[in-house]
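So that you can see what the record holds, here are the features copied from TrEMBL:
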type	residues	note
BINDING	H9, D11, H43, D148	divalent metal cation binding site
ACT_SITE	D11	active site, proton acceptor
BINDING	H43, G119, F120, G121, G122, G150, G170, T171	substrate binding site
ACT_SITE	D148	active site, proton donor
Amino acid sequence: MDSGADFLHLDVMDGHFVPNLTFGHPVVKCLRTKIPDAMFEAHMMVSHPEKWVQPMADAGVNRYTFHLEATNDIEALVRKIQEAGMKVGIGIKPNTPVDDVIQYVDLCDLVLIMTVEPGFGGQKFMQNMMPKIKFLRSQFPNVDIEVDGGVSHINIGCCAQAGANVIVAGTAVTGAKNKPEAIKGLRDEWNKAI
C-alpha cells in the first residue's frame, strides 16, 4: 500500500477448487489489524464459497469475489454476501463462456475475468480473453470489470483498451525490485492506453 496500490487483492485458495493452498480468514483478520484503512478484496478460489462469507466479513473484507463455477446458487450467495455488508464480485475462469455470467451482472458490483488459470502466480497472460471484456463493456457500461492473471506493463494497455477498469497485478509488482516504480509504470501504461 505504501508503494501506491489502490487496494489489496487477497488470493484465497483451498486446495480443492484450485490445487494450491494459501490462507483463510484468520490471516485476513490479522492483516486487517495491521492495515486498517486498506480496501481488501478476497478472491475466493474455493469450493463452497458460501461457507466463508461471514468469516471473511468478520475479518474485514470489503469485496468478496467468488467463482461462478464454484457454486450452484449464485443468487443466494450474492444475497448472503450483501447481507454480510460486502460488495460482490463474480469471477470466471478462462474456459468459462462470458455468456454464463451475463444473467448475474446486474446482481454484482464487479465481474472478474481471469487471464490465467486460477491457482498459481507467474503464469502467461492470455490475451485471447480480451473479447470477453469488450463484450461485457459493450453490454454493461457501468459495471466494474477486473482482470487478474499475468498482467504486466507489457499487456496492461490491451486490458484498458478492452474495457477493464480494475487491474490485479501480482508478480509484476511483488517480483519488482522497486515496487513504487512498478506500480507507477503500470499506471503510466494504463493512462497511455485510455
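Just so it is clear, glycine is given a Cβ too, placed from its N, Cα and C backbone atoms.
Since we're looking at a predicted model, the values are computed, not measured.
Overlay of TrEMBL annotations on the structure.
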| residue | record | Cβ contacts under 8 Å, 6 or more apart |
| --- | --- | --- |
| H9 | divalent metal cation binding site | E41, H43, D148, V168, G170 |
| D11 | divalent metal cation binding site | T22, H43, M45, G121, G170 |
| G119 | substrate binding site | M13, V18, P19, N20, M45 |
| F120 | substrate binding site | V18, P19, N20 |
| G122 | substrate binding site | G150, T171, G175 |
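Just so you know, of the binding-site residues G121, G170, the Cβ with the fewest other Cβ atoms around it within 10 Å is the one at G121. In the shown protein chains, 22 other C-beta atoms lie within 10 A of the C-beta of G150 (substrate binding site). Surrounding the centroid of the Cβ atoms of H43, G119, F120, G121, G122, G150, G170, T171, where the record places substrate, the chain contributes additional residues within 8 Å, namely D11, V116, Q123, G149. The divalent metal cation site is set by H9, D11, H43, D148; from the centre of their CB atoms, other residues of the chain with a CB within 8 Å are L10, E41, M45, T65, L112, V168, G170.
Within 10 Å of the C-beta of D148 (divalent metal cation binding site) there are 23 other C-beta atoms, taking all protein chains into account. For T171 (substrate binding site), the count of additional Cβ atoms within 10 Å of its Cβ stands at 14 [all protein chains shown].
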